[in-house]
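Asks: Take a look at this one; I'll ask things after.
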Amino acid sequence: MWSGLSLRIYTLESRPISIRNAHLIGYNAGFYSNKPAVRWKYTTTYNLTLRHIQLCTQTQEVMSYWSITVALLSITFLVYRHPLKMLSYLPPWLRGGAPTNQQVPPDSRGGESQVKVQVEGPEDDDVHSETTPKATATAYNTNVPTLSLDGPDHDHKSSTPQASPKPVSPPSTTKPVSSSRPAATLQPSMKYSSPATLMPPPSRPSMAPPPSPASSLRVPSNGPVPNRGIPSNSQQRVSSGNSLASTATLSAPNPRGKVLLGPGHSPMDWAALIRKSNLSGVSTFQRVTPSMLKSMSGRKGKPAWSSWQGKVYNITPYLDFHPGGRNELMKAAGRDGTNLFMEVHPWVNWENMLGSCMVGVLVPEGAGNGGSELEEMD
Ligand code: HEM
């Protein structure tokens, strides 16, 4: 109806006019017209326009009332069905005395506000029967459930699950937290997730060193070398038991070419002996010439000396302790025994075993016996 009347008015005036002034223009045009038909037409149009305007005005009023009514009903329905959600759309000044986390920073809230949240927690069951401000507390408590765990006041009774931290209280070893910050609520979970409490003790390292193929060939840096068998390519010599043989060593060799040592002449006994006394047979270090070394052959009451890498040793005390026998060892007496030694058992540590038997150093012929110089060198 509205659009049809508007079209008629536009047609009569041949130009767009506002609806507010259309009836005035049509009325004036028909009033001053000489033709009755035109006058009637315009008058009718005028009357229709007036009626239309009246209808429109009434329609607008009715529509306005209906719109307002529908809007109010919708808002009421939404507030009734979703009070929490609708509360969030309200401006802060309309929420009144229901502070939320978004309004107040966590640091500025004291213990009283937190306790208030706890007390209002049980009222969540009455959300359907309470008004909108009552539902405000429910919304706040639901959005921030952790605030109810760190409430410092234990005298407030609360039936909410969040307000019962006692069953999961931290262990006694945990550092107590005096503050009511939410960090205290994390302690129960830290109890079960701490690696320090769950980490098993480290396994004990084995006291025995790992075996290695080279360990059997390693030359000990200190102490005597144990009585070991010769390698397959060693040149074993059987003790023949000549005139130099004593009762300390037996002439019967074993399959490895070693002789049977007498009682008290084991390698262990030799190790104990060299720790106790000086077995060199001289009071000071000697400058030993080759002729002097040759004279010390172990015969005719003289000690048996042997040189090894430029050093002279008195091997006489070791004769009865030598696993290869006296005769084998005497082959190096009065001469340099390096080659013989290295041919049989290069793995043996000569210096350690005969350290207490060292006489001096081998010097060229004519260098003389300079004991004082040896002492200075030592
Ligand atoms: C003065 C220096 C010497 C020392 C400290 C010495 C020490 C030893 C030791 C500790 C053993 C036992 C080796 C083992 O059980 O693995 C041994 C064995 C033996 N040594 Fe000597 N020795 C010396 C000189 C000589 C010389 C000069 C010869 C030969 C000319 C010789 C011939 C033997 C033989 C045949 C054996 C037995 C086989 C063996 O166990 O290897 N040794 N000696």
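Yeah, the Cβs are placed from backbone N, Cα and C, and that goes for glycine too.
So TrEMBL says this about it:
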type	residues	note
TRANSMEM	63-80	transmembrane segment
REGION	98-260	region 'Disordered'
COMPBIAS	130-146	compositional bias 'Polar residues'
COMPBIAS	171-180	compositional bias 'Low complexity'
COMPBIAS	186-196	compositional bias 'Polar residues'
COMPBIAS	198-213	compositional bias 'Pro residues'
COMPBIAS	230-252	compositional bias 'Polar residues'
DOMAIN	285-363	domain 'Cytochrome b5 heme-binding'
Asks: Give me the DSSP three-state residue breakdown of the domain 'Cytochrome b5 heme-binding' (285-363), ordered helix, strand, coil.
Replies: 31 helix, 20 strand, 28 coil
Asks: Let me know the model's mean pLDDT on the domain 'Cytochrome b5 heme-binding' (285-363).
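Replies: Within the domain 'Cytochrome b5 heme-binding' (285-363), the model's average pLDDT equals 94.
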